[in-house]
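What TrEMBL records for this protein:
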type     : residues : note
ACT_SITE : HIS144   : active site
ACT_SITE : CYS185   : active site, nucleophile
SIGNAL   : 1-21     : signal peptide
Amino acid sequence: MLAVATILCTLCCLFVSTTEGKNWALLVAGSNTYDNYRHQADICHAYHVVRNHGIPEENIVVMMYDDIAYSRENPYQGNVINEPNGENLYPGVVIDYKKEEVNPEVFLAVLTGNSSGIRELLGREGKVIVSGSDDHVFVNFADHGAPGLLAFPEDVLHAKPLEKAIKSMHKNKQFKKMVFYVEACESGSMFDGLLPEHISVFVTTAANPDESSYACYFDDERQTYLGDVYSVNWMQDSDKEDLSEETLQKQFTITKQETNTSHVMEYGDKTISKMTVAEFQGNEKCDKCGRSPRPRHPLEDAVRSEKVKLAIREHKLRTATLPYEKRAAAKELNALLDHYAKTDELFKGIVNALRHSQNAADKTSLKFHEDDSYASVVHQRKPITQWDCYQGAVDALMFACPGLQLPQNDYALRHLYMVVNLCEMGHPSLAVRTAIGAASFDNSQFCDTVM
């Protein structure tokens, strides 16, 4: 009897030890409008990568505004491609959250498996990542970014709430291993110095904490960029490689070598990089994924993310043939250049309002140093340590200047390092927010007159 019990116990242990976990994928395009076509194209492509490699649809969550496939600007209705002459990636993509549902609160609820949170936010049931302690989670995010934040269509996700969510998931044993691939400007700042190495999370980002990511593959007919350099490089690699033989480290190295427009970075638990790509993007071999030849190199026409709108409008003006087309293109370009100039003025006004404040209550606390000049704030890039000051300032800017449309204004997002500098120079959070309010009075194009 004892021998039988021993055998049963051994079999039970063997069953438990060989139980395989599930794969989960959360794919997020955080932008909207046709100018940002590339982000949704990236995510449509990513969806097919993980589906083609065996991750079931019920284990994939897609967040995408869904306004480009049938945009009036799209000459090929219902068609989304991620490379020149590429296949239509839109059919078959199951989008779980669209339009205004693509926001930071929903993203965090989905990531952390918070079904009740989704019901409270949206008034309906919604798919979430219900991963467990044996499961692998793959998160791919494509959008705009800035120091310590990732943008959504109408709001931003700050680094600290994401850090808190990841740590909570680790504490609650909601994954065995988790991998993030993040396409955004300054995306390294979301994890640099924040992500511990011991919580089984590995991250690669399109850029370091200080630099732009790059768009690529301008399409003359569609009049927009089809992809982002980092994203198309890792996905073209996944499309052609045997993922059961390729490690995450090898894919990172290939992507880094091909993406020399920015510094592709890695963070977190780098021992995970020794695992195979298949363990996160799907374990099934994709017989139809072999591809040749590769389209033109994405670096041939790569452009900084914040220059995309300008490049698109300049191209429209160059290629316009009819007089009315030229007038319309010139008007659109001039409006954008005016928008850029007003953005520059706003941020310069914030710096000067803070530096020249005559409020007696602030004089003792503000640190008026020589290095507080506008030029010095512009030419420095300090790492973020004063998170509360910076996050409060960003939120104040969005409230005071809704017309700036900060979350999707990639040109303005590239100015936020100046706000970081002001906080890091020792200015109190209230003083920075007050300066934003003061500067907003001089910029009626973007800002409300009352903060």
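Using N, Cα and C of the backbone, Cβ positions are placed for all residues, glycine too.
The number of other Cβ atoms within 10 Å of the Cβ belonging to the residue listed as 'active site, nucleophile', over all protein chains shown, comes to 27. In sequence order, GLY30, SER31, ASN36, LEU150, ALA151, ALA184, CYS185, SER305, PRO407, GLN408, ASP410, LEU413 constitute the residues six or more apart from HIS144 (active site) in its chain with CB-CB distances below 8 Å.
Under the DSSP three-state reduction, HIS144 (active site) is assigned to coil, being neither helix nor strand.
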